[in-house]
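Structure first, then comments.
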Amino acid sequence: MSRDVHIIDHPLVQHKLTLMRKKDTSTKSFRELVHELSALLAYELTRDMPMQLIEIETPLEKMMSPVIDGKKIVLASILRAGNGFLDGMLQVLPGARVGHIGLYRDPATLKAVEYYFKMPSGMEERDVIVLDPMLATGNSAVAAVDRLKATNPRSIRFVCLVTCPQGIKTFHDAHPDVPIYTPAVDRELNEHGYIVPGLGDAGDRIFGTK
Ligand code: URA
């Protein structure tokens, strides 16, 4: 089955991701890099967004010129690491709305359980970009998109920094219609659910909690 995975191989993106992966990159640098990278990822994510022509007036004459309706875009952050993408993406998409999805893993069933879900109104006419830096087991991403689909948005895209074959398979087995945008597909998941070589715990590295 062919999978809708967009590899973002721009040299600037790859360079910054390499710096983020290094274990001696400080929290300050990691945060700055995720901020810069998010803005670059937003270019790729919005490449085929619907546009509309509006009438404007240049100093010389009137013309019809294209715009993206930024207000139609929802950045849906999977807590907590997804929040790391927000500032950089909002710099490029200042009109975007922001939603949050909180999930935890039930230790008995290992299933993702929702503890928070807040999206803007009028989801039927919005294009959602789901934010989660690491698409690892894929379980929380699947649960987040299950929940988002119930709001019936116009489209959904998923973006991460790093994923692995298992995460892609789990995600696309459940949601083959949702494209994944990622700069890197790493080798595998280890026995603790970390992507290897990866970059470690993205939330801890963004928020300095380790
Ligand atoms: N979550 C992370 O932050 N890192 C991984 O490698 C896997 C899941």
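Just so it is clear, glycine is given a Cβ too, placed from its N, Cα and C backbone atoms.
Automatic, uncurated: that is what TrEMBL annotation is.
Annotation comment: TrEMBL describes Arg80, Arg105, Asp132, Pro133, Met134, Leu135, Ala136, Thr137, Gly138, Asn139, Ser140, Asp201 as 5-phospho-alpha-D-ribose 1-diphosphate binding site. The uracil binding site feature in TrEMBL is assigned to Ile195, Gly200, Asp201, Ala202. The feature domain 'Phosphoribosyltransferase' is assigned by TrEMBL to 8-209.
Residue with the densest Cβ environment among the binding-site residues Asp132, Asp201: Asp132, by other Cβ atoms within 10 Å. Counting only residues at least six positions away in the same chain, the Cβ atoms of Gly203, Phe207 sit under 8 Å from the Cβ of Arg80 (5-phospho-alpha-D-ribose 1-diphosphate binding site). Per Cα geometry, Met134 is the residue among the binding-site residues Asp132, Met134, Ala136, Gly138, Ser140 nearest to Asp201 (uracil binding site). For Ile195 (uracil binding site), the nearest of the binding-site residues Asp132, Met134, Ser140 in terms of C-alpha separation is Met134. Highlighted here would be the binding-site residues (Arg80, Asp132, Gly138, Ser140) whose C-beta falls below 6 Å from ligand 1, but none qualifies. Note: the Cα of Ser140 (5-phospho-alpha-D-ribose 1-diphosphate binding site) and the Cα of Ala202 (uracil binding site) are spaced 15 Å from each other. Applying an 8 A CB threshold to same-chain residues 6+ apart, the list for Ala202 (uracil binding site) reads Ala81, Gly84, Pro133, Met134, Leu161. Around the Cβ of Ile195 (uracil binding site), the number of neighbouring Cβ atoms within 10 Å comes to 26. When the Cα atoms are compared, Asp132 (5-phospho-alpha-D-ribose 1-diphosphate binding site) and Gly200 (uracil binding site) turn out to be 14 Å apart.
Counting only the Cα atoms, the space from Ala136 (5-phospho-alpha-D-ribose 1-diphosphate binding site) to Gly200 (uracil binding site) is about 11 angstrom. Mean pLDDT across the domain 'Phosphoribosyltransferase' (8-209) comes to 95 in this model. The CA atom of Gly200 (uracil binding site) is located 16 Å away from the CA atom of Gly138 (5-phospho-alpha-D-ribose 1-diphosphate binding site). Shown in sequence order, Gln166, Gly167, Ile168, Lys169, Thr170, Phe171, Ala174 are the residues of the chain, 6+ apart in sequence, with a C-beta less than 8 angstroms from the C-beta of Gly138 (5-phospho-alpha-D-ribose 1-diphosphate binding site).
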